[in-house]
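Positions annotated as active site, proton acceptor by TrEMBL: His53. Taken from TrEMBL, the feature Ca(2+) 1 binding site covers Asp54, Val57, Gly59, Asp61, Ser63, Glu75. Per TrEMBL, the feature substrate binding site maps to Pro151. For His181, the entry in TrEMBL reads heme b binding site. According to TrEMBL, the Ca(2+) 2 binding site annotation covers Thr182, Asp227, Thr229, Asp234. Annotation source TrEMBL lists disulfide bond at Cys22-Cys102, Cys55-Cys60, Cys109-Cys302. What TrEMBL lists as domain 'Plant heme peroxidase family profile' is 12-306. Residues or ranges marked as site 'Transition state stabilizer' by TrEMBL: Arg49.
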Amino acid sequence: MFSLTSMAFSNYLSPYFYDYVCPEALPTIKRVVEDAVREERRMGASLLRLHFHDCFVQGCDASILLDQTETIDSEKTARPNNNSIRGFEVIDKIKSEVDKACGHPIVSCADIVAVAARDSVVALGGPSWEVQLGRRDSTTANRNMANNDIPPPFLDLPALINNFKNQGLDEKDLVALSGGHTLGFAQCFTFRDRIYNETNNIDSTFASQRQVDSPRSGGDSNLAPLDPTPLLFDSEYFSNLLCKKGLLHSDQALFSGGQTDNLVQIYSTNLGTFAKDFVESIIKMGNIKSLTGDQGQIRVNCRKVN
């Protein structure tokens, strides 16, 4: 009993955190994620993005899940997330099923978000990895930080490098984690300026094709794929950049004559190297400012503080 109690309040992350206290936790998360992705394959990309946007604000603490209250300045309405970030209902379903399997709330919402991201990547043909576990949930959210720290889609390479550096991530992490855009779609308002106003670093035919579904005005939420195979984890995202077909300005910035060009070229022809580096970088990202021990709490409802 002592070892179980001490494990529940560990000051470090471990992939084995729930092995004894609730061995059914990870299989339960995997089952719910697979069901959600089977129902809507786009949900895999959404759950991966949820992990990114969580970790870039206050660290990986599930602050992104908190709803607005008198004391919580919800990150859900921040510019990068408003009417864009999704997957909350899946997280709610996971939380309900995991608490049922474990008998009581022992698995944090922050860990659920991190594991769901891994299981989503696997469900869409990507690599697996051991998720470090034992995070605890924040009792605060920070909308201003979300507005300032989540990288917007119009950044140039120096600004992207600096943004990631502020999170303790280097240029390899930037390119590998940007490769998460091998999955999913973007809304028209995030790339409209690129397809209508950029001329230097964009394929003109590609721009014309994207303009069909993304008019100069209106249709802000119309979707376009981030790469040619948006429901499959592969290296097409990087091959696209070599052809000047990156959908977002910040995507194409990775291959624009700068110091990340070489990595983009390597990943475009070597899926194994990309997958290995992606795994290393997402584990590193998952360690950003994690709450452990008696910090934070284990939320009963992921949307609100206990």
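Any Cβ shown, glycine's included, is placed from N, Cα and C.
Where TrEMBL records a feature, it is marked here on the structure.
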{"residue": "Cys22", "record": "disulfide bond", "CB count, 10 Å": "20"}
{"residue": "Val57", "record": "Ca(2+) 1 binding site", "CB count, 10 Å": "28"}
{"residue": "Gly59", "record": "Ca(2+) 1 binding site", "CB count, 10 Å": "20"}
{"residue": "Cys60", "record": "disulfide bond", "CB count, 10 Å": "29"}
{"residue": "Glu75", "record": "Ca(2+) 1 binding site", "CB count, 10 Å": "27"}
{"residue": "Cys109", "record": "disulfide bond", "CB count, 10 Å": "31"}
{"residue": "Pro151", "record": "substrate binding site", "CB count, 10 Å": "19"}
{"residue": "Thr182", "record": "Ca(2+) 2 binding site", "CB count, 10 Å": "30"}
{"residue": "Asp227", "record": "Ca(2+) 2 binding site", "CB count, 10 Å": "24"}
{"residue": "Thr229", "record": "Ca(2+) 2 binding site", "CB count, 10 Å": "17"}
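Across the domain 'Plant heme peroxidase family profile' (12-306), the model assigns an average pLDDT of 96. Counting other Cβ atoms within 10 Å of each Cβ, the recorded positions Arg49, Asp54, Asp234 show the lowest value at Asp234. Checking each of the recorded positions (Arg49, His53, Asp54, Glu75, Cys102, His181) against Cys60 (disulfide bond), the C-alpha distance stays within 10 Å for His53, Asp54.
In the structure as shown, the Cβ atom of Asp61 (Ca(2+) 1 binding site) sits within 10 Å of 28 other Cβ atoms.
Reported as a whole number, the C-alpha separation between Val57 (Ca(2+) 1 binding site) and Thr182 (Ca(2+) 2 binding site) equals 23 Å. Annotated Ca(2+) 2 site Thr182, Asp227, Thr229, Asp234; additional same-chain residues within 8 Å of its Cβ mean position, judged by their own Cβ, are Leu183, Leu226, Pro228, Pro230, Leu232, Phe233, Ser235, Glu236, Tyr237. Cβ environment of the residue listed as 'active site, proton acceptor': Ile64, Glu75, Pro80, Asn81, Ile85, Ala146, Ile150 lie under 8 Å away, each six or more residues apart in the same chain. A 10 Å radius around the C-alpha of Cys302 (disulfide bond) takes in these binding-site residues out of Gly59, Asp61, Ser63, Asp227, Thr229, in sequence order: Ser63.
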